[in-house]
């Protein structure tokens, strides 16, 4: 029936028979443009699928090969979930979205499995991103508490909780379906989250959006706002005048002359306090990176959940045009983008991938290519670690002088 409808629209002879004023090549041009659009859409979907496969696999290999990268447990978990999406969910999405697979038919069970995987894997990915945001919050704002509380058992417990929560939510999609016969089937294009044929789809649409989007957005936005406040306070922190005993210690290394010590102390005290240029620009870099992280999440997922909530509440089974395919694959692009934002932006993971590539190509590995001592949050808050370097260097000389009274405190640090 669908094929006859398409042919009646695109066949130029039929068009000319109904309206002799229409040029003969209008139907051919329209059909050609439609085919080009469908080919371009298929190319984009396949490209995103391949990028998700390669990028997530690369980050997981880098973390697995390096013992000092085991602290990236949640990032590795996110890449594992996105890899499952690239293997299971995105190919089914290509089949249900591309017109080239318009004749494919799902059984009722296959459609239920597709919708179940859709909800389950999307919930896993978004909740893992939320866990990464909370981990970064405690690492930056409460570093001492993070060092004490953050253990491998806690990380495993959080991951298990994420899987259980996602599984329970996905199981809701299997209830409320009518009693179809075993031979019943649904066109792949009609197997959609908002058209689940379930009596609970309206309630589920709201529940799914609140648990998997609204609550995580509130948590992520609040967490990164708190992180940015700490970043800005640290970036705007003035460099205090050096204590007299620091200058005396430095002067003694260079010369034992009392006159040279007095001269250096007096000169240092006359210098005006000013902002370090490195810190002044670090706050802006951190803000830009945080905006990119939160913005990427909103761009990918906000249209998707708005569309499905609106379609579920109105009860409509037909989506307008290609809108559903557009918002669905905009959301699926998150699976290909996440390994770049949460993995490959980190220098340690990039260095391990470079070492792995050289190892595969039998190339010598450069000494010092990997910075194992760098903070795993260096990809967007490097300057906080540099802020702590001043008190650490000062404490190295505190043993020689008991008059240490000035300590730089990072806002939010215990």
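Glycine is no exception: its Cβ is also placed from the backbone N, Cα and C atoms.
Remember, predicted model here, so these are calculated numbers, not experimental data.
Features as listed in TrEMBL:
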type	residues	note
TRANSMEM	39-63	transmembrane segment
DOMAIN	48-342	domain 'G-protein coupled receptors family 1 profile'
TRANSMEM	72-94	transmembrane segment
TRANSMEM	114-134	transmembrane segment
TRANSMEM	154-177	transmembrane segment
TRANSMEM	203-227	transmembrane segment
TRANSMEM	286-306	transmembrane segment
TRANSMEM	326-345	transmembrane segment
Looking only at the recorded stretches 72-94, 154-177, 286-306, which one has the largest tally of CB-CB distances under 8 Å to the transmembrane segment (203-227)?
286-306
Quick one: do the transmembrane segment (39-63) and the transmembrane segment (326-345) have at least 3 Cβ pairs under 8 Å, skipping pairs fewer than 6 apart in sequence?
yes
Outside the transmembrane segment (154-177), six or more residues from its ends: residues with CB under 8 Å to it:
73-74, 77, 108, 112, 115-117, 119-121, 123-124, 127-128, 131, 193, 196-201, 204, 207-208, 211-212
What mean pLDDT does the predicted model reach across the domain 'G-protein coupled receptors family 1 profile' (48-342)?
80
